[in-house]
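Asker: One structure follows; several queries about it will come next.
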Amino acid sequence: MDPRVAWIQPEQKGPANALWMQIWETSQGVGRGGSGFASYFCLNSPALDTAAAAGAAGRGSGGLGPALPAASPPPPGPTAPAALPPALLTALGPAAEGARRLHKSPSLSSSSSSSSSNAESGTESPGCSSSSSSSASLGRPGGGRGGAFFNFADGAPSAPGTANGHPGPRGPAPAGSPSQHQFHPGRRKRENKASTYGLNYLLSGSRAAALSGGGGPGAQAPRPGTPWKSRAYSPGIQGLHEEIIDFYNFMSPCPEEAAMRREVVKRIETVVKDLWPTADVQIFGSFSTGLYLPTSDIDLVVFGKWERPPLQLLEQALRKHNVAEPCSIKVLDKATVPIIKLTDQETEVKVDISFNMETGVRAAEFIKNYMKKYSLLPYLILVLKQFLLQRDLNEVFTGGISSYSLILMAISFLQLHPRIDARRADENLGMLLVEFFELYGRNFNYLKTGIRIKEGGAYIAKEEIMKAMTSGYRPSMLCIEDPLLPGNDVGRSSYGAMQVKQVFDYAYIVLSHAVSPLARSYPNRDAESTLGRIIKVTQEVIDYRRWIKEKWGSKAHPSPGMDSRIKIKERIATCNGEQTQNREPESPYGQRLTLSLSSPQLLSSGSSASSVSSLSGSDVDSDTPPCTTPSVYQFSLQAPAPLMAGLPTALPMPSGKPQPTTSRTLIMTTNNQTRFTIPPPTLGVAPVPCRQAGVEGTASLKAVHHMSSPAIPSASPNPLSSPHLYHKQHNGMKLSMKGSHGHTQGGGYSSVGSGGVRPPVGNRGHHQYNRTGWRRKKHTHTRDSLPVSLSR
């Protein structure tokens with residue numbers, strides 16, 4: 001793995017790390033520029049952990065500049081460059097001297113102009129950055145970039161009030177300010193505050209000792225980059241689960257960050273309203289769904305009556321009102337979706353503005369609905385977004401994938417997981433994260449397989465997707481069918497999908513080793529973070545959030561007028577969702593029957609058979625013994641009045657499920673059999689949506705009952721056979737079970753076809769998850785189930 005993207009793991013640290021990285025540099029032909037400065041040198045520093053930050057707040061940093069008190073954020077505005085500690089200067093050698101000379105040069109931006117075209121066109125890969133663009137980043141005195149290690153100046157101390165030389169966002173730069181002469185578009189990648197690109201050169205050998213102040217009495221606390229880690233975690237996969245929850249709570253947006261973003265939106269909305277009073281500005285993307293990181297951008301769409309999007313007109317108005325930095329406004333009129341990209345002048349928040357794109361607003365509502373369905377989805381998304389963001393793989397523009405593609409991949413992963421019901425909130429997040437990396441880093445066939453989200457989700461051949469595509473494009477490497485726009489490939493522009501696959505594979509290797517039993521023998525197992533092996537937070541992000549909380553602390557409560565449209569939409573969506581959930585199947589019978597299934601085999605086969613055909617080229621071993629964990633699911637069915645009359649009224653009522661006084665309860669179980677006899681009145685009963693059971697009595701009750709597939713509908717009309725399609729009845733008549741694909745017989749009806757509520761998934765534990773693939777093998781044998789009978 002490229003050491004500029006991957007990191008040296010804690011148990012691998014040693015004196016040979018720096019030598020090995022120099023050998024790798026030579027073998028890859030990654031040389032130093034003419035100045036002697038390494039193009040892969042990291043421009044951010046890892047964040048202090050919680051305990052270290054509190055202990056180091058009140059003392060000097062031992063050569064890295066005065067430390068920032070925990071409650072005092074760095075002030076905005078241009079700041080003076082910081083000095084390097086002597087220990088780190090010695091460790092870096094000629095690289096530091098070359099950077100020092102570059103900082104003195106007055107023609108910095110002009111000397112690096114040759115690299116701007118590639119950076120702006122997006123053709124530059126995340127792993128290849130020119131030395132001139134890296135060097136141009138060094139002298140920037142504000143914006144959270146540069147840091148204590150990279151703003152080199154002869155004897156210039158850190159500016160008062162800065163956190164180790166990492167200033168917060170700056171305000172408008174005055175005339176003649178150095179920042180106006182040192183800005184260059186070639187620094188696009190280096191303006192990512194969360195980037196850990198090249199961090200290994202700060203964590204290896206003597207550089208790591210220099211980073212902590214040389215180990216002397218005035219040494220600064222170590223910087224592991226895991227500020228969310230404030231306690232000891234359980235060993236193995238359970239500890240990773242606990243750490244993901246802590247990371248989510250630490251990185252989730254705070255009210256001050258939301259207030260800051262609303263203020264940015266308000267400024268842009270004011271400019272739009274001045275131009276077009278009838279225009280409507282709406283928010284979509286991560287700010288609308290709440291799945292945004294501290295440095296995420298804001299997506300806006302302007303609705304109005306134009307024949308062509310007025311990109312240039314809005315660009316001129318934004319420049320006139322000084323809303324954005326002049327050099328940051330870019331008009332991408334040749335893109336698939338023409339947009340205006342800008343960076344807010346005051347907050348440095350990046351904003352994307354599009355025109356009349358309804359799909360963005362619909363996509364935000366689509367994601368919100370799935371967040372309600374899968375409560376674990378936000379945790380996975382926030383971890384995955386941080387994982388790609390710090391490697392500059394979070395945008396198609398920089399050679400990665402879009403956030404929308406990532407979210408659809410996560411939804412598909414949860415939909416088609418063969419072993420768990422992702423709608424449950426008690427699943428292990430650590431296991432889900434490792435399996436996500438395994439699927440998309442190792443097992444998924446990017447060449448032949450596409451991803452479908454609608455209709456329960458499926459993996460389909462790209463040839464099938466190509467038949468439905470209306471734009472004339474061929475399926476891309478990462479082919480994701482748009483669930484909202486038929487014929488659109490969401491991953492069409494993700495030309496760097498294979499780089500994302502590579503880092504997913506790297507993360508799977510690292511995490512699977514970290515949670516293995518062997519990891520318990522590591523000498524530093526208690527001090528190191530498992531999630532911190534693949535994710536780190538930079539000090540620049542921490543300082544940026546401090547500055548936000550200080551400045552917008554009094555504005556944290558949203559104004560009613562700002563979010564009125566969003567709140568109304570959410571209220572409407574919530575009401576629609578409640579109506580959908582509360583909708584019951586229509587039936588000519590008026591009484592309800594609460595059915596409790598305590599046998600996991602009653603629901604498992606229908607669930608698994610319906611999703612077999614959607615797993616293309618995959619392997620799931622289903623020959624292993626079934627899971628014995630009991631699962632009881634309750635759902636409502638319509639029962640005929642004559643049948644209810646034959647049931648005793650003294651049967652127990654399930655706890656927590658209030659029913660009308662006319663309701664009766666039927667409990668079916670395969671563990672403890674109860675018998676009762678139904679009197680012999682003649683019954684003319686239509687089929688009801690429940691499983692057929694043998695009933696002993698003088699009269700023959702023969703009704704066909706259909707059971708719908710509760711989890712994932714089949715993508716193929718020919719599902720594989722299931723061992724549970726026939727139940728051997730030991731007590732009563734021997735009757736075959738009908739299929740579960742909505743067919744009817746004799747005037748019967750299917751619960752799904754009639755708008756019925758799908759029952760929850762039964763226990764899918766008998767399909768064990770095989771790490772080597774995702775295929776399901778055909779069942780060639782049958783299993784006898786325990787008898788199911790009803791009697792007094």
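Cβ coordinates are placed from backbone N, Cα and C, and glycine is handled just like the others.
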Asker: Match it up for me: which of 537-568, 601-632 does Swiss-Prot list as region 'Disordered'?
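Answerer: Matching range for region 'Disordered': 601-632.
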Asker: For the ATP site that Swiss-Prot lists with Gly360, Ser403, Tyr404, Asn488, Arg492, give the additional residue from the candidates Lys341, Lys385, Lys462, Lys467.
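Answerer: Same ATP site in Swiss-Prot: Lys385.
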Asker: Report the largest Cα to Cα distance, in Å and rounded to a whole number, among the residues Gly360, Lys385, Ser403, Tyr404, Asn488, Arg492 that the record lists as binding ATP.
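Answerer: About 23 Å separates the two most distant Cα atoms.
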Asker: Measuring CB to CB from Lys385 (ATP binding site), give everything in the same chain under 8 Å that is also at least six residues away in sequence.
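Answerer: Once residues fewer than 6 apart are set aside, Lys385 (ATP binding site) is near Leu291, Leu293, Ser296, Asn394, Ser403, Leu406.
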Asker: Counting across all protein chains shown, how many other Cβ atoms sit within 10 Å of the Cβ of Asn488 (ATP binding site)?
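Answerer: Taking every protein chain into account, the count is 18.
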Asker: When the Cα-Cα distance from Asp299 (Mg(2+) binding site) is computed for each of the binding-site residues Gly360, Tyr404, Asn488, Arg492, which gives the smallest value?
Answerer: Gly360
Asker: With every protein chain in view, how many other Cβ atoms are within 10 Å of the Cβ of Asp299 (Mg(2+) binding site)?
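Answerer: Taking every protein chain into account, the count is 26.
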Asker: Rounded to the nearest Å, what's the C-alpha distance separating Arg492 (ATP binding site) and Asp297 (Mg(2+) binding site)? Just drop the number here, would you?
Answerer: 21
Asker: Could you tell me the mean pLDDT over the domain 'PAP-associated' (428-486), as a whole number?
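Answerer: Mean pLDDT across the domain 'PAP-associated' (428-486) comes out at 89.
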Asker: If you count other Cβ atoms within 10 Å of each one's Cβ, which of the binding-site residues Gly360, Ser403, Tyr404 has the most?
Answerer: Ser403
